[in-house]
Structure formats: structure tokens, C-alpha cells
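Enquirer: Starting off with a structure, shown below.
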Amino acid sequence: MFVPFQFLLLLLLLLISRAFHSSSEYLIGVGSYDITGPAADVNMMGYANSDQIASGIHFRLRARAFIVAEPQGNRVAFVNLDACMASQIVTIKVLERLKARYGDLYTEKNVAISGIHTHAGPGGYLQYVTYIVTSLGFVRQSFDVLVDGIEQTIIQAHESLRPGSVFVNKGDLLDAGVNRSPSSYLNNPAAERSKYKYNVDKEMTLLKFVDSQSGPIGSFNWFATHGTSMSRTNSLISGDNKGAAARFMEDWFQNGQKISSDSSSKIPRRVSTIVSDLSRNHSRLLDIAASFKSSRGQNVAKTLDAKIRVRKASKRKFVSAFCQSNCGDVSPNVLGTFCIDTGLPCDFNHSTCNGKNELCYGRGPGYPDEFESTRIIGEKQFKMAVQLFNKATEKLQGKIGYQHAYIDFSNLQVTVPKAGGGSETVKTCPAAMGFGFAAGTTDGPGAFDFKQGDDKGNDFWRLVRNVLRTPGPEQVQCQKPKPILLDTGEMKTPYDWAPSILPVQIFRIGQLVILSVPGEFTTMAGRRLRDAVKSFLISLDSKEFGNNLHVVIAGLTNTYSQYIATFEEYEVQRYEGASTLYGPHTLTAYIQEFKKLATALVNGQTLPRGPQPPDLLAKQISLLSPVVVDSTPLGVSFGDVKADVPPKSTFRRGQQVNATFWSGCPRNDLMTEGSFAVVETLRDGGNWVPVYDDDDFSVKFKWSREEKLSPESQATVEWRIPESAVDGVYRIRHYGASKSLFGSITSFSGSSSAFVLSDIVTMRNSDSQ
């Protein structure tokens, strides 16, 4: 019988396709996009400190995403933000954009948006009043950059989908977090505590994404530690320890997967060849540098293509994300808590010093240098992730699934066991915060006479509270033993102060299950939720979910509702318990609802969508003043150098180089996917090439006004020269934008005088700093 050639070719292609997909069960894609936001004038989100106003960049913030899809079936998209937390209104608007672009391919059910909990990012992007008071209301720039960035990173991940595999690995990281409320943890049952070696979770769970053709394209991991290595007085935008870890790992991969003791930069640097034998031509380098004086500021094109950044975007880049988990009571300040007046340890039960909470602070491993603490905790997570990445051999195989529901946590019936046996039905409460909330934590203490562990309150602050709202007797009874300081769930003027309707979500990728929670679970609360869901899934289908089932918690996901403590921790009313909004049975309510999601996941059911959270965008109020105008002194241009590098300077690795420029407000142009600060090196032919920028750990961009209301401002670029930098001639360049009195925006740049980097230092230059 004659068989047409076309039929044979089609059969061959079909067989190849089947073989290909049998070894690569999923389609995988990753994406990454800049979400740094306004680097000036905006209050930072996390510490609720009205004096913590952004004035520069430590390193840039990014949204990172992965998508895993069955070739002809379900898919899930997970987005990790270098932001304090997810926001309900951000999630709503991202989903609207995805629907307009992709139809029903990406919805609230299969898209998760999670925050790393840095306390050093711009605020004002949440929709509930409680979370935008210190930012003077809603900040449109903060909101827009997040919505844009999340959309772009999902687009990148979607457009890069190709056959590949996902591997999972787990390991313990022992020295990157301590329990900041140990007295609260100790109130959990002794029998329960005895099951665990530590009072915080030490396990990191990592996913390794491997393209079937091009190899590894990314890694995402979950590990619990707070984003509070940077203090409540820091004013530079920073991804804190998790953002740092992500930067280190992405650079490590691009640098050929080599770990050195210097994590400040892993971008490959080509050795300078502008002169031969640098050891004998130091004076020649000085002469070359001396020929490049600081430039006058000049206007530049305002297009994305003209924006300078060292790490150029590419379609198949390596993306690494360090995601947050049940970090509620976990601090990265691992040296302990001490009184800043005496140096003695703080009170154990209340974290006070002579009765004052504002004197008790945790110390990071780099104390007193918060940047060093950030680097150390970030590097610990990075190195652990590299170990897990290199040894990941367990392949995720099986179905992809998801379930999602909106739940009204302000009045949810919950079944709980009774002390004498049997069960009873109780309810959650409208949101409220206790007196212990105002005391803050040892990562960022509060003010006045509040203290953690206060289950009584006091009459003076009740009088102050009552000006806003007096909680009714039913609410007081429901929230006991929490003394209510702010009855946020029942405060509706000018609009809702706190959420009532929350999303709960579960993802499945083979033998991995991700529990997306809209808040900060404490260590023991997270353990109870994970264990309950894991055992419940196995009981539903022991064949499908065997001993290799991995369950992780993705904290601060899709929206934000503060803390979730155990019933026993709630009774103590330290910060975490006082910030558990919906009453003592909040955790039990979560476990109950996640079991419903798990049942639907196994049975293939479709759960009711539930009540919809409000879209409050049209009601938002902003009191942040806009940029009116930028100016410079007479005869000075934007981008001119105000304080230059010393002439004929030679610097060594480890030293710091500074240059200050006349500038405009960074809110004029966020330099998204660009840079305000760049370090350039001189290459063959007299070309200046960018080698470090404000997304490097070694470069800091600092902005300030001459006076508080002055239209004149300056930008200082600091470069702490890393050990990986090569000898050569360098200069510092600043990019910015100014606003005229008529509202037009003009982009500009300026550069410092050149200087030499060399270990050979003449007597003339030995004092350069």
C-alpha cells in the first residue's frame, strides 16, 4: 500500500512531539520587570513611620513571575513582588488588564501576587485607610508602577512559555531568623512545641525551572524571615534581605554560577585593555583619567531605549525570586534585642526597657550597619538557595490545579473543639487592632506608652479611640481578650479602613501545593495550617498525595490583612496577636476554609466565588503634594557636578567614591527599567561603558533638597568599590529629569571627572577616600 510522504512526515513529527512532551511534562516561563517606583517624597510602607520618607535607592525593586502550564490544560501564574505586601486594588486592576489581553486564561483563580515584605519600598498603593494614613493617602505613582510591572512580568512569562521541567528541593537554613515574640510562642501547648526543634521555621523550599532546550531559566523559593534588616529610619528604597538575595542569585547565574566572598556584584567584568601591563602604567592611567573632566549637564532623549542599565533585558533571562512565607514572628535581627540606652537585653515578656517599648531594638548580624545586615541575611538565603538549586533532582510531575474563594472574615461561622469534648460553633469578628499593635515590634518599636502583651488597655487611649469610633459590646466580647484600640472593621469614613472580604487560594503543581494567604502567619500558625492541609489532602487521596507531598505557604498574597496568630498566642496579645484582626478564631477559620479548597481541588469541584471585595479606587484621597518645579542656581545646569571626585584620584577596592550633581525630583521620571546612577569604565577607542548601576548592591543613589520646600535639589552617587571590580579608568554618571514651571519634563545627564581604580597607589593619591 502506498503511504503519502506528507503522512509519514506528519506521523514522525507527532512521535517526536509526544517523546518531547513526555520528558517535559509542563510548559514553563519566567518574567521580571522594574517596580522601583517614586524614589522621593513618598512614605515607605511597613513601619508606619511618618518620618520615613524615600530619598534615593539602595537597589531597585522588581516583580518576578513564573507560569507553569499543562500543554493542553490548566496553568498557574505566581508573581513575587519586591514590595511590602500585595494590595487588593492592585490585584483587581492587574486582573482586569489580563482579562482584556488574554480573556479567561488568567483570572483570580490561577494568578497569585505575593509580597516579600520589605519595609523599604514606596507606600500608598493599598486601598484601605489604615494602610495609607502615613503616606498621606493614595499615591498614584506607587500604584501604577506595581500594576504596570506585574502586567509586564506576566506578559514576559507567558510569551516565553516553552517545554520544560520543574524540580523541587528543601533544606534548613539555621541562622537567618529568630523568633521576636518568644514569650507568645511559649504559650502554645508544650506537646505541640515538642514536635519542633526550633521556635521558627528553618526550612527553605525551592523550585528550579529548566527549559528542555536552553537549560535553567529560574528559581523561586519560600523561606520565612521578615524584611526588616533595613531599619525604620532608612530612607533608601531597598528590597531588603530577600531582594538582595534575588539580586545576588541572578548575578551569580549570569556570572557562570561561581560563588565568591564578594556578593556586591556578580556581573562579568572584562579586564581593561586601554593600557598594557597596568602594574607598570599606573601613571599612564592617571594621565588618561585626568583628560576626562566632569561634564556639564546636558539634555538627553526621553525614551526607554535611551535609558541606561547594566543588566539589559533579554527574552530568556534567568529569574530568581525569594518569596515570603509564615514570617509573622520571625525577625532577621538575629543577634537579639537590646536596650539602646543601657545595652542590656530587653524585657522578655513585653520587649521594653524600663517600661518603654521605644528603647528596645533587635540587632542584625551587621550591627550597627543595616546595609551590612541586609547583605549578610540576603547572602545566607542566596547561598542556601544555590545549594538547593544545584542538588535539585526531584521532578514535579502530575496535575496542575487551583482553587480560589472570597470569604467574609468579619462574620464567619467556625466550628471549634470544646475543652470537655465535642465541638461548638463560634464566629470571627469585624477587624480590630489591639493596644499591643501600637507598641510595634523589636524590628520597629512604636511610641508613647504602649507595650506588647497588653491585654487591658488604658482609659486615656480609649478616650482618644472613641473620637474615631467606640466599639460596641458585641465587638468587645468577640475580640476578647484583645482590648480594642482601633475598631477598623467598623470604621467606614471616608471609606473602609480595613478589609472584610479576603481571598484564599490554593495551587497545585504535581506534588507541590502552594497556600496563598493574605497576611502574616506566625510560625506556629503556619505550621498548623500546613499540617492540616497536608494531612487532609492525603486523607482525601492517599494514592495521589503520598509521602512526597510538599506544602508551602505564600504569605502576604493577593491582598493584606495583617497577622494571623494561634489562639494561644492571641491570648498573650503581643504585637502579632494584637494585629490578628478577626478575633481569636482567625486561624481556625483559615484552616476550615482551606480544607474546603483542598476538597474542591481533589474532587474537581467549582467553589462558589463568594462575596466580591470592593473596588475603592474612585474613592481614594491623596494629600501628597505634586512636584511643582525644579530649579538650579544661576549659571548652573541640571546634571552639573556640585561636588566632584578629587582630581587625579586613585581608589582601591573596598573604598568609596562619591560624586554630587545638581538634580531634579526623581518623581519626574521613575527611570523604570533604567538608572539614576551609573558607574562607567573606559574601554578601547575611548568608549565609556556602564558596568554598575543603581540596581547593584555597591551603588547608592541619594537625593535631597537644599531646604524642605526648595525647588533646588541634589543627587549623590556613592560607589563602594567591590572586590570584583577590575583595574582601569572610571567615572560616575547621573541621569535625571527636571520639571519646568509650565509642567514640561526634560531629561538630563551629567558625569564626574574620571578616576583610576588600582591597587597600586602613589604617595600623591594615598589619602583618596
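Each position is counted from 1, following the chain as shown.
Glycine is treated like the rest: Cβ placed from N, Cα and C.
Automatic prediction, not curation, is the source of TrEMBL annotations.
Take a look at what TrEMBL says about it:
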type     : residues                       : note
SIGNAL   : 1-19                           : signal peptide
DOMAIN   : 26-592                         : domain 'Neutral/alkaline non-lysosomal ceramidase N-terminal'
BINDING  : His117, His226, Glu520, Tyr563 : Zn(2+) binding site
ACT_SITE : Ser331                         : active site, nucleophile
DOMAIN   : 594-756                        : domain 'Neutral/alkaline non-lysosomal ceramidase C-terminal'
Enquirer: I'd like the number of other C-beta atoms within 10 A of the C-beta of Ser331 (active site, nucleophile), please.
Expert: 24
Enquirer: Around the Zn(2+) site formed by His117, His226, Glu520, Tyr563, list the extra residues of the same chain whose Cβ is within 8 Å of the site's Cβ centroid.
Expert: Gln324, Cys327, Gly328, Val330, Gly519, Gly555, Leu556
Enquirer: In the structure shown, which of the binding-site residues His117, His226, Glu520, Tyr563 has the fewest Cβ neighbours within 10 Å?
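Expert: Sparsest of the binding-site residues His117, His226, Glu520, Tyr563 by Cβ contacts within 10 Å: Tyr563.
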Enquirer: I need the CA-to-CA distance for the residue listed as 'active site, nucleophile' versus His226 (Zn(2+) binding site), whole Å please.
Expert: 5
Enquirer: Mean pLDDT for the domain 'Neutral/alkaline non-lysosomal ceramidase N-terminal' (26-592), rounded to an integer?
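Expert: Mean model confidence (pLDDT) across the domain 'Neutral/alkaline non-lysosomal ceramidase N-terminal' (26-592) is 94.
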